[in-house]
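**Student:** Please find one structure pasted underneath; my questions will follow.
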Ligand SMILES: Nc1ncnc2c1ncn2[C@@H]1O[C@H](COP(=O)(O)OP(=O)(O)OP(=O)(O)O)[C@@H](O)[C@H]1O
Ligand SMILES: [Zn+2]
């Protein structure tokens with residue numbers, strides 16, 4: 001096998017690393033803690049999964065990350081493979097999400113299937129064997145030496161597939177043991193069966209059965225005999241019982257007969273007395289009929305019929321019925337008449353009442369209208385007086401205007417003209433007053449200045465002043481203005497008087513207007529009242545005439561009503577007469593009824609007599625019949641009395657009681673015999689069952705004996721098989737031990753080359769002994785640390801050789817992985833290690849991965865991988881040095897030499 005490529009993501013300190021591996025020796029170097037061991041671990045993990053880890057899956061995942069991918073490409077037996085493992089965190093724990101192995105024959109999926117494929121199909125070693133042989137971890141150099149011989153043996157056996165033989169032998173042994181178990185079990189069963197059979201045979205079952213059966217036959221005979229006796233007794237008993245029964249029957253019949261005879265005699269006596277009573281009744285009835293007939297004549301007279309017969313009564317009744325019908329008809333007619341007249345009279349009275357009411361109403365209405373007309377006439381007088389007053393006042397106003405300066409209708413305008421003129425005069429007065437005042441002021445001022453000697457105009461001394469002359473004209477002006485003011489005031493007084501007159505005229509004018517309107521209104525009122533009065537008077541007259549007419553009509557109607565009432569009274573009287581006549585008829589009918597009743601009563605009595613007579617006769621017949629029956633019964637009684645034999649019945653009773661006694665006893669005997677018989681049959685049954693069981697046991701035994709024989713031969717076979725596997729393994733192991741010993745000696749010689757040791761011995765039980773030159777044996781644990789490391793490497797090397805040479809087909813040799821193998825070695829032995837490594841390459845180990853700082857080893861490497869850790873991110877990277885770097889490294893080393 002050869003690793004081709006490893007890709008890591010978040011595996012331990014690696015963030016992202018992709019590394020190719022080549023054939024030959026690859027040395028991995030780097031500082032402590034840079035991630036070298038982790039790189040190897042990743043390869044191991046890819047192959048075997050969690051079993052390759054010291055801790056849990058958690059440890060594989062970079063601290064703080066949630067997932068890890070590891071991919072490993074490798075070649076094995078010329079085929080290419082790739083393993084992918086993906087770990088994912090879910091919740092608190094890490095688990096494998098995918099695990100696949102791609103190979104030429106398809107994909108293997110699942111962590112377990114991949115592990116088994118790698119361990120069993122490819123490398124033929126599980127993770128432990130891998131660790132023991134191919135993957136030598138830091139500090140585990142002594143693992144193989146420290147192991148016990150047994151562990152060593154198992155490991156090497158496993159590697160060389162001898163384990164399989166042991167497994168087969170063990171399986172054969174297991175099978176043998178299983179067969180032994182079954183065999184001893186079956187043998188035990190056989191013994192038990194033999195014992196059971198012997199016990200049963202000792203019981204003489206068949207003899208016992210014969211004995212029981214003859215007992216049973218004897219018993220059956222006895223039972224039969226007793227049953228015959230019982231039958232006889234039963235017959236005797238039955239016969240006796242039937243005789244007794246007959247006798248008892250006769251006795252009871254006799255008793256019955258006597259009772260019946262007595263009854264009959266009594267009933268015949270009773271019937272006779274009944275007949276007597278009937279005869280008496282008939283006689284009584286006859287007497288009553290005679291009495292009634294004697295009364296009948298008088299009744300017929302009362303009813304007014306000649307003969308007291310049913311026909312005469314019927315004829316009389318018919319006449320009465322006819323008459324009654326006639327009278328009832330008449331009475332109905334009269335009653336109708338009464339009703340008709342009464343209602344007519346009432347409606348006439350109502351009509352008269354209504355007419356009188358109408359007349360009264362009309363009279364009232366006429367009185368009312370008359371009163372209204374009187375009232376209206378009084379009003380008319382007043383209105384006319386008002387009208388006269390109005391006309392007079394108007395005339396007075398007209399005469400006043402005759403002297404006035406204006407016509408009626410112009411007074412208002414005239415007064416306005418005067419008022420305007422007064423306003424103008426007033427304005428002129430005010431103006432004149434102002435002008436006059438200022439003129440007077442000027443004059444006064446000038447006079448003062450003048451007195452002081454100055455010009456009133458300019459204040460210059462007066463003498464010679466031009467202005468002094470105007471004073472005079474001013475004085476004139478004052479005078480003129482005063483005169484004008486006097487005139488204006490006179491005019492104002494005149495105008496005021498004139499306006500007063502004009503105002504009086506204006507009032508009169510508006511009064512005249514009011515009067516004209518009032519007159520018109522009053523005139524209309526007069527016309528209206530006159531018309532109303534006339535209409536009311538005419539209506540009054542008309543109403544009174546109508547009322548008079550209505551009263552006359554009412555009187556007539558009242559007379560008519562009275563007449564009709566008299567007619568009704570007449571009809572009522574007639575009804576009364578008819579009622580009386582009908583009552584008479586009723587009386588007559590009652591008398592007829594009396595006659596009829598008497599006749600009926602006589603008839604009824606005669607019928608009753610007839611009925612009683614018949615009854616009497618039938619009773620006579622009944623008595624005769626009973627007498628006949630009595631005769632027959634008496635005869636039968638005598639007959640029975642003669643037949644009865646007392647002695648015979650007594651004998652029968654004794655026989656019956658004896659038989660009953662015997663039956664009781666024989667029943668008890670038979671019961672006890674039956675019990676005995678059940679017992680016997682039960683015993684026979686159980687003996688027969690036991691015989692069957694015995695036969696069954698014999699059959700079982702035969703079968704079991706066959707099985708035991710089969711098992712015995714099987715046991716021999718498994719023993720042989722076990723032996724064969726054991727022999728085979730011992731033989732193969734002996735051969736392997738010999739070869740391994742030879743190879744171990746060769747490699748150790750090569751690796752150590754020390755003259756102190758002569759050879760190493762590996763015995764059949766894989767016990768290792770090192771012999772010194774002088775022949776003293778030494779246990780490997782006693783070697784020095786370096787020697788042990790070399791010894792261990794030699795042993796592994798030898799195993800590798802054995803694997804590659806001893807197994808046919810593709811040698812399952814994985815890359816040899818060494819983590820710091822040089823720790824205990826001095827420089828001389830490092831060179832020997834280099835030789836050893838080369839030697840291994842020689843016998844087919846294609847790839848050797850070594851973690852080492854040793855320069856000599858680095859020098860010997862075909863490939864160099866540098867691992868570094870970034871001190872800031874704490875993440876590791878691994879990279880292959882190219883050939884140039886290698887050459888340089890070599891050159892430097894050579895330079896050092
Ligand atoms: N799960 C992890 N996540 C991150 N870092 C880890 C994890 N497991 C281990 N490490 C780190 O990886 C380093 C250990 O790597 P490794 O043992 O491969 O180193 P080395 O190069 O073999 O060292 P030495 O030369 O001492 O043997 C340590 O620094 C450790 O802290
Ligand atoms: Zn390390």
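Including glycine, each Cβ sits where the backbone N, Cα and C put it.
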**Student:** Which is it, of 451-475, 476-500, 501-525, that TrEMBL names as region 'Disordered'?
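**Tutor:** Here TrEMBL associates region 'Disordered' with the stretch 451-475.
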**Student:** How many neighbouring Cβ atoms, not counting its own, are there within 10 Å of the Cβ of residue 138 (ATP binding site)?
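**Tutor:** Looking across every protein chain shown, the total is 14.
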**Student:** What is the Cβ neighbour count of residue 33 (ATP binding site) at a 10 Å cut-off, with all protein chains included?
**Tutor:** 13
**Student:** Considering only Cβ pairs within less than 8 angstroms, which of the stretches 301-313, 314-344, 533-542, 543-568 has the most against the compositional bias 'Basic and acidic residues' (351-368)?
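**Tutor:** Out of the listed stretches, 543-568 contacts the compositional bias 'Basic and acidic residues' (351-368) most.
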**Student:** Using a cut-off of under 8 Å between C-beta atoms, tell me which stretch among 369-380, 533-542, 543-568 contacts the compositional bias 'Basic and acidic residues' (314-344) the most.
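**Tutor:** Stretch with maximum Cβ contacts: 543-568.
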**Student:** Residues of the same chain, at least six outside the compositional bias 'Acidic residues' (369-380), with any C-beta under 8 angstroms of its C-beta?
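**Tutor:** Cβ under 8 Å, 6 or more out: 526, 529-530, 532-533, 536-537, 539-540, 543.
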**Student:** With DSSP helix as H/G/I and strand as E/B, how many residues of the region 'Disordered' (533-588) fall in helix, strand and coil?
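**Tutor:** Summed over the region 'Disordered' (533-588), the classes give 56 helix, 0 strand, 0 coil.
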**Student:** List the same-chain residues at least 6 positions away in sequence whose Cβ sits under 8 Å from the Cβ of residue 37 (ATP binding site), in sequence order, or say none.
**Tutor:** 137, 138, 819, 851
**Student:** If you take the centroid of the Cβ atoms of 12, 32, 33, 34, 35, 36, 37, 38, 138, the listed ATP site, which other residues of that chain have their Cβ within 8 Å of it?
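**Tutor:** So the extra residues in range turn out to be 13, 30, 39, 867, 876.
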